[in-house]
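As listed in TrEMBL for this protein:
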ACT_SITE  A:GLU46  active site, proton donor
BINDING   A:HIS44, A:CYS69, A:CYS78  Zn(2+) binding site
BINDING   A:ALA148, A:TRP164, A:THR190, A:ASP194, A:SER223, A:GLY296, A:ALA297, A:LYS298, A:LEU299, A:ALA300, A:GLY301, A:ALA302  NADP(+) binding site
BINDING   A:SER162, A:ARG178, A:LEU198, A:ARG201, A:GLU294  substrate binding site
DOMAIN    A:1-116  domain 'CMP/dCMP-type deaminase'
There are 2 protein chains.
Amino acid sequence: MAYGLRLAERGRYTTSPNPRVGCVLVRDGEIVGEGFHARAGGPHAEVHALRAAGERARGATAYVTLEPCSHVGRTPACAPQLVEAGVARVVTAMNDPNPQVAGRGHAILREAGVEVTEAIAPAAARALNPGFVSRMERGRPWVTVKLAQSLDGRSALASGESQWITGEAARRDVQFLRARQCAVLSGIDTVLTDSARLNVRLSADELGIAGEVRQPARVVLDSGLRLPPFAAIFDAPGAVWIYTRDANEGVHHEALLKREATLIEAPTAPGLGLDLDFILSDLARREINEVLVEAGAKLAGAFVAAGLCDELVVYQAPVLLGHQARPALALPEPSALVDASRWTLVDETRLGEDLRLTLRPAR
Amino acid sequence: MAYGLRLAERGRYTTSPNPRVGCVLVRDGEIVGEGFHARAGGPHAEVHALRAAGERARGATAYVTLEPCSHVGRTPACAPQLVEAGVARVVTAMNDPNPQVAGRGHAILREAGVEVTEAIAPAAARALNPGFVSRMERGRPWVTVKLAQSLDGRSALASGESQWITGEAARRDVQFLRARQCAVLSGIDTVLTDSARLNVRLSADELGIAGEVRQPARVVLDSGLRLPPFAAIFDAPGAVWIYTRDANEGVHHEALLKREATLIEAPTAPGLGLDLDFILSDLARREINEVLVEAGAKLAGAFVAAGLCDELVVYQAPVLLGHQARPALALPEPSALVDASRWTLVDETRLGEDLRLTLRPAR
């Protein structure tokens, strides 16, 4: 199963909106077939493994990182195909997180006389697909908030100068972080001020994938529809989705539609701009599993303050910008230290001169 | 020599104001004596090693982490003693950093027919004694500025609440950091507000040393002589040195002398409080090798801004205090990013939930 999990990870930049899944077929202690899901619309991991095994699948044990699907989607269901191929036993790392179909894959296998061992490594399997699991279980994407800051927690000088605080290695790492996402989200001010394009600028070779680079959707929160159709974001590949208060309001509305931007109306939350809960639910409906927030202090802080940040990735440069520089995060102050927003550091990694800190909300 | 350096390190909490030194005597491929300097006034490393070796020192090679001393101080000079014991060869890791005596120890040995190999590991040997080397070469102590801050660079809520941002493991680590110092320096506001005692609260057992715990001098920058004689700092062991504008000025002046505080007059720097250059020179004259600055944002920032911070130790807690909380460091903003204060991260270590970052000024 450990090998299956590693295989699944190979789909990290490409399976969206599908989950990353790996499958290993073993007969008489020998691997007779293996596969991972690479792209939505393409064969599932089980099918790759069955094809590789051919007749040797008969009597084999299939190790699958996710309960095999029971429903016909863009491709035929996997559970019946495992039965048909004569697989004797199926071991899964986790159950299907979709509450509407969970258990059906396992049931189909059992009814056909296949021995089933369920969910032997749920933590590792869930970690492969935090976004898919989140979308299925919570109806919203997995939200990662990225910050690039100085040692003293600043992201720009008071003048606004911010390019660059972190070094090349850190900025390259952000590209890999982006490439995993289904969507990259920012606010209109950042998009305008930084001429942000928010796309993945790595090649398929650099990502180690076959085929074309999948661009995450670029999501802009723009309540007043100020994004001009000549913004830099349109010069880079990938869909642009704009959440706004009134899609017919702004002067650029027609021109934006011509640039193939998707305009989506969102309600406003009192004093907080657009309603983030609504937007996350809507992104889930649009099959966004994982979303990266690369925004200014205010919007990034709003995600954190609302408890909507599942992971904080902080690129910290060993530089001091001084107490008058702009904070990387605007966050209301807690009334006492015990009420402060506490996190758990899950990883620290050096990237050139900088440090990447990955944190999750403390329980 | 590597072993000698390790031996020397055993004096890290006790040798002040002397340097940490280790010595290993080897004859016919066998260690016949070893020692380290433990306390000022006690035997030097070479003497410990010679005593352990006895007659077996004759014809041996002595590996010493610092050029043996040529002058009689509180104890007899080491170089002649090595000669007298019949040591055949002396290998040193670094020269004496005191420009007035550098080379004399080596010369005495050579003149007596001892083979000398000089300064084979200067970087490692200097790292053992950054403070002693700094005092000899630059006439000022090695300055470490300690910060305890949140992930967003804050050291207290706007209300002033700051206890505690970091966890127990980090705070215990600070005790070991203090124990290495000759002096711990703070400002009057911190001493008053936090009832800071600035002493070492570890036992000799916890420090792994023989004999009593050596307390660093507690240095308070108090231009207006506001420190009251009943301040908490006097309840803990260790000398208290107060730098002030006019030692006869404050209302507490007599009472402070009764509490055995040392009052030292220092000039003021325009707009910056007391003159930090003067204070550091004065501390060096008082045989302070290493000083730890544990101060508020303003004073810590003044050391950094003046280029007087040799090492920054940041205890960073995975907590967010918000943009209205108090910055850990008050530092004037650079006019452009290229002029920002850049550092090199030399170490990152997890301490419980927190991270300790050690940085040096970037070259």
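Every residue, even glycine, has its Cβ placed from backbone N, Cα and C.
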Report, in whole Å, the straight Cα-to-Cα distance of A:ARG201 (substrate binding site) from A:THR190 (NADP(+) binding site).
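Rounded to the nearest whole number, the Cα-Cα distance is 19 Å.
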Starting from the Cα of the residue listed as 'active site, proton donor', work out which of the binding-site residues (A:CYS78, A:ARG178, A:ARG201, A:GLY301) are within 10 Å.
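So far as Cα distances go, the binding-site residues lying within 10 Å of the residue listed as 'active site, proton donor' are A:CYS78.
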Using a 10 Å cut-off on CB atoms, tell me which of the binding-site residues A:HIS44, A:ARG178, A:ARG201 is the least crowded.
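Ranked by other Cβ atoms within 10 Å, the binding-site residues A:HIS44, A:ARG178, A:ARG201 bottom out at A:ARG201.
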By a simple count of other Cβ atoms within 10 Å, which of A:GLU46, A:GLU294, the recorded positions in the record, is least packed?
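It is A:GLU294 that, of the recorded positions A:GLU46, A:GLU294, has the fewest other Cβ atoms within 10 Å.
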For chain B, give the subset of the binding-site residues A:HIS44, A:CYS69, A:THR190, A:SER223, A:ALA297, A:LEU299 whose C-beta is less than 8 angstroms from one of that chain's C-beta atoms, in sequence order, otherwise 'none'.
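So the ones by chain B are A:ALA297.
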According to DSSP, how is the domain 'CMP/dCMP-type deaminase' (A:1-116) divided among helix, strand and coil residues?
36 helix, 23 strand, 57 coil
Taking the residues the record says bind NADP(+) (A:ALA148, A:TRP164, A:THR190, A:ASP194, A:SER223, A:GLY296, A:ALA297, A:LYS298, A:LEU299, A:ALA300, A:GLY301, A:ALA302), how far apart in Å are the two Cα atoms that sit farthest from each other?
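Pairwise Cα check on A:ALA148, A:TRP164, A:THR190, A:ASP194, A:SER223, A:GLY296, A:ALA297, A:LYS298, A:LEU299, A:ALA300, A:GLY301, A:ALA302 gives a maximum of 28 Å.
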Out of A:CYS69, A:CYS78, A:SER162, A:ARG178, point to the one nearest A:ALA148 (NADP(+) binding site) in space (Cα versus Cα); all of them are binding-site residues in the record.
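Of the binding-site residues A:CYS69, A:CYS78, A:SER162, A:ARG178, A:SER162 has its Cα closest to that of A:ALA148 (NADP(+) binding site).
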Under 8 Å Cβ to Cβ from A:CYS78 (Zn(2+) binding site), same chain, six or more residues apart: give me those in sequence order, or none if nothing qualifies.
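Non-local contacts for A:CYS78 (Zn(2+) binding site): A:HIS44, A:GLU46, A:VAL47, A:PRO68, A:CYS69, A:GLY105.
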Rounded to the nearest angstrom, how far is the Cα of A:GLU294 (substrate binding site) from the Cα of A:SER223 (NADP(+) binding site)?
17
Just the number: how many Å between the Cα atoms of A:ARG201 (substrate binding site) and A:LEU299 (NADP(+) binding site)?
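Rounded to a whole number, the Cα-Cα distance is 24 Å.
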Taking each of A:SER162, A:ARG178, A:LEU198, A:GLU294 in turn, which of these binding-site residues have a Cα lying within 10 angstroms of the Cα of A:GLY301 (NADP(+) binding site)?
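Candidates kept after distance check: none.
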A:THR190 (NADP(+) binding site) has how many other Cβ neighbours within 10 Å of its own Cβ?
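Other Cβ atoms within 10 Å of A:THR190 (NADP(+) binding site): 21.
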Using C-alpha atoms only, work out the spacing between A:ARG178 (substrate binding site) and A:LEU299 (NADP(+) binding site) and round it to an integer in Å.
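A:ARG178 (substrate binding site) to A:LEU299 (NADP(+) binding site), Cα-Cα distance: 18 Å.
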Just to verify a number: CA distance, A:LEU198 (substrate binding site) to A:LEU299 (NADP(+) binding site), in angstrom, no decimals.
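Pair distance, Cα basis, whole Å: 16 Å.
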Using the CB centroid of A:HIS44, A:CYS69, A:CYS78 as the Zn(2+) site centre, which other residues of the same chain sit with their CB within 8 A?
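Not counting the recorded site residues, we get A:VAL21, A:ALA45, A:GLU46, A:VAL47, A:PRO68, A:THR75, A:PRO76, A:ALA77, A:ALA79, A:GLN81, A:GLY105.
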My understanding is the cutoff is Cβ-Cβ under 8 Å with a sequence separation of 6 or more in the same chain; which residues meet that for A:LEU299 (NADP(+) binding site)?
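The list for A:LEU299 (NADP(+) binding site) reads A:SER186, A:GLY187, A:THR190, A:LEU221, A:GLY273, A:VAL293, given in order along the sequence.
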